[in-house]
Amino acid sequence: MHNFVKFVHKIKWKYARKMWPLINNDWIILIVLGASVAVLSFAVDVAVSALNKARLHLYTTAAETNIFAGIASWVLPIVGMVILSMIISQRISPYAAGSGISEIKTILRGVVLKEYLTLKTLISKLIGLTVVLPSGLPIGKEGPFVHIGGIIATLWCKLFASISHDDKNQNYYVEMVAAGCAVGVTCTFGSPIGGVLFSIEVTSVHFALRNYWRGFFSAVFSAIVFQLLGILTSNYDSVKTFSPTEFSLKSPYALQELLAYAILGILCGLFGSLFVIWHKQVCVFITRKKFMKTMKEKCQYIYPLTVATLVSAITFPEAGGSVTKSLITSKNILDELFSNFTWSEAPENSYQLNIISQWSHENFSIYYALLFFILYTFIMSGICITLPVACGMFTPVLLIGAALGRLFGELLVIYLPNVSSLKIVPGSYALVGAAAFSGAATQTVSTAVIVFELTGQIVYMVPVLLGVALSIVIATYMYPSIYDVGIYLKRLPFLPNLLPTSSAVHKVCVHDFMLSDLKYLTLQSTYKDIKDLLDSTKKMRTFPLVDSRESFVLIGTVERRDLELLIEQRLCDEERRKVARHCKLKRKFNCLNTMHCKTDTASLTKRDDIDDGGKSVKILIDPDDGKFSHCDENFKSQIARKNTLRAKHFYRKKGFVDKRYT
């Protein structure tokens, strides 16, 4: 029996060794990557949906009791979810906070950021995102899942490499992280083509075409698994798009409407840039204002607690919930904004009546409701994505753009009803607005492809591409993208994009802005030289280190803060007193050694000062004042009375050795 087991194991390992080269292949890794990210994304969606239903059920049950119970059941879960997500991000991995696209963009440009692609960050990101999304804050999951896709790609590559004992270079990991980014976008909206293009535009300046098939192959398998999971857990018999639309395929728009679509694209470019500017100002206010820094130092939970309370107060159903749409999900809001009928007209069926009742109010019309929704999402999403929790911003900008386009289309129906012989469809303007506004904020053309895939129709392909192109032109001229602003605010190492060839910057030479009288350090520089260098150059942050004043061979650079720390440690008052005391002890010891003080055995000796005759000096040093005295026969008892531990520490620190302990 034992021989049979050995034979089975031998056969198993023999075939395993033969099969491993086939398994350890990029194709297999990409399939596993796409499937694993799809499963995680679907699990997060299911958990978020369940938690959101539980939160709304708690409110409806408590609101039937009295108004105060309703307020408490609405505010406390929102605040609790935000605080819990913040605690998870801080305790497990602080690098999980925020979107993560800015960091991924930096990593894909060759910068090594430690701890951003680890298992701890993955766990923190997944749990924190699952907790904070049901709170109802105007945030999304696309950015965090781009980060999650990059982490999972790195972990799978390291696992396969460790099993096969194959050391991959850094470029290989970067290429797989790029594929993981495409998978992250795909699992959010079910758009493999848009996900690949978006990952290329957002994360790369110069993209290697050899990486294109990796992202596309993995994204396709990710979309298949994600949609199959949706079919298996729902009542649908076939694949359903993220936000299906029912636009007419026959004569969808008139040629005259292209001007209106172009105007909408320009407006989205302006407001998209304003959104990025608003988000940057909020970040600057939080990170650089003195009282905000003081507040964070005293209690780091004050800011997220304030924001969560403010959001819960605004979105309370009995207050502003009717215009902020706090009782329905972002997906349902997007479906209603893309609806294929005019809201200002009488409803023809219960479906239209339900949507109009959602957006109408007894005190104001649907136009004001759309305007209030745009203002709320615009202002609060710019604030909420600054919270130290896992959150994204792509879903909020989609909603802002769709609502802006819907308002534009509804007003066009009222004021220009006869602009063409065809009927104006406000939902098409919502479609163009969603793509154009998100394209302006991210400065990516692939948002148009994402909108095509999440709606399942391309009948408005020309208006969408026109609006996106014009919005990006305006946004690029006004301000950087929101991801580049995030890199700037986080002070991540990053190479800026090259300016166009028509710019006058290309005529500037290095000698036009270089420092000719540059201060430097050599290998022979003393502490005094460093101190003088720091005093004479107040604004320089980095100093070059050269071999010598004659050769000027550059060895490296030294940061100013490192030099200041070195000077503070070496030349502070306490250190100078220690050095002076040590020199005084050394002089006295040398003096005693010269006098040849003969003793039987030495208890304390200086390592470098034993004379050639083998004679040593027996002395007693008081640890308090450092004074010398000659030893007598009661040397050991005197040492014991002087606290042996303190004496031993003092002697060793000054370069002496107590032979009783050696």
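Here the Cβ of each residue, glycine as well, is placed from N, Cα and C on the backbone.
Per TrEMBL, the feature domain 'CBS' maps to 514-574. If you take every residue in the domain 'CBS' (514-574) and average the pLDDT, you get 82.
If you look up TrEMBL, you'll see 67-88 (among others) marked as transmembrane segment.
Beyond the ends of the transmembrane segment (176-200), by six or more residues, the same chain brings 29-30, 33-34, 37-38, 40-42, 104, 107-108, 117, 140-142, 145-154, 156-157, 207, 211-212, 214-220, 222-223, 226-227, 241-242, 394, 444-447, 449-454 to within a C-beta distance below 8 angstroms of the stretch. The transmembrane segment annotation in TrEMBL covers 176-200 (among others).
Summarising the annotation, TrEMBL assigns transmembrane segment to 212-232 (among others). Outside the transmembrane segment (212-232) by six or more residues, the chain places 26-27, 30-31, 33-35, 37-39, 41-42, 175-176, 178-183, 185-187, 190-193, 195-196, 199-200, 238-240 with a CB less than 8 A from a CB of the stretch.
Through the fold, the transmembrane segment (258-278) approaches residues 378-379, 382, 397, 400-401, 404-405, 408, 412, 419, 429, 432-433, 436-441, 462-463, 466-475, 478-482, 485 of its own chain, all at least 6 residues removed from its boundaries and within a Cβ separation under 8 Å. The transmembrane segment annotation in TrEMBL covers 258-278 (among others).
Sequence annotations record features per position, and here TrEMBL assigns transmembrane segment to 299-316 (among others).
Annotation source TrEMBL lists transmembrane segment at 366-390 (among others).
Feature annotation from TrEMBL assigns transmembrane segment to 397-416 (among others). With a threshold of 8 Å between CB atoms, the same-chain residues lying at least 6 positions outside the transmembrane segment (397-416) that come near it are 138, 140, 260, 264, 267-268, 271-272, 275, 330, 333-334, 337-338, 342-344, 366-367, 370-371, 373-374, 377-378, 381, 424-438, 441-442.
What TrEMBL records for 428-451 (among others) is transmembrane segment.
The transmembrane segment annotation in TrEMBL covers 458-479 (among others).
Between the transmembrane segment (428-451) and the listed ranges 299-316, 366-390, 458-479, the one holding the most Cβ pairs under 8 Å is 458-479. Within the chain carrying the transmembrane segment (366-390), a Cβ under 8 angstroms from the stretch's Cβ atoms is held by residues 82, 85-86, 89-90, 94, 96-100, 124-125, 128-129, 132, 137-139, 144, 271, 275, 278-279, 282-283, 286, 300, 303-304, 307, 310-311, 314, 320, 322-325, 343-344, 356, 359-360, 396-397, 399-400, 403-404, 406-407, 410-411, all 6 or more beyond its ends.
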